[in-house]
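Just below is one structure, and these are the notes that go with it.
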Amino acid sequence: GAAASGGRAAMRTETSTAAAFVTRLLRAAGGIGEEQLRCFRECLQEALREHYKHHWFPTAPTKGSGYRCIRINHQMDPLIGKAAAMIGLSHERLFQLLPSELTLWVDPFEVSYRIGEDGSICVLYESPQPGAKASKALESRSSCKKWRTGRSSPSESYNMMTVSS
């Protein structure tokens, strides 16, 4: 309700961005109904919020980053697995639908992802940190242009998403 702490409310954009992104990957893979996808997105967003509740530090955005990182690397991320179970998707099915190597970083003011262990890091959401000096984080980030995915599917399905508020 309205009594949620500022940190929890502020987390909403980041968690919904992350959940919508994974949902979009599932939708692109095909074969899952819209109603299921909506349920998956809501479950995942809720799971992320719970998981991050005491690990969200807007004043130190990188603190706890490893804890918040969502990873699929021959092991299914438990949060994604949990949300998928709610709509009856097994881990095997998830591995078929999602990239086999996906890393998603959900930090205050920035959500980014990488597909493949040596893929480029792409930023899904970024907002200026209140009171922060000009962000130097972008210097180390490469743009999305040099995708090297070992997949046959067209890379368009991984184009940047526009975050609708």
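Cβ atoms here come from the backbone N, Cα and C positions, even for glycine.
Database features (TrEMBL):
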type: DOMAIN; residues: 98-117; note: domain 'Anti-proliferative protein'
type: REGION; residues: 145-165; note: region 'Disordered'
type: COMPBIAS; residues: 150-165; note: compositional bias 'Polar residues'
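Residues 10-11, 14-15, 17-18, 21-22, 25-26, 29, 48, 52, 56-58, 61-62, 65, 68-74, 80, 123-129, 137, 141, 147-151, 158 of the same chain lie 6 or more positions beyond the ends of the domain 'Anti-proliferative protein' (98-117) yet place their CB under 8 Å from a CB of it. Each residue of the domain 'Anti-proliferative protein' (98-117) gets a DSSP state, and the totals for helix, strand and coil are 0 helix, 13 strand, 7 coil.
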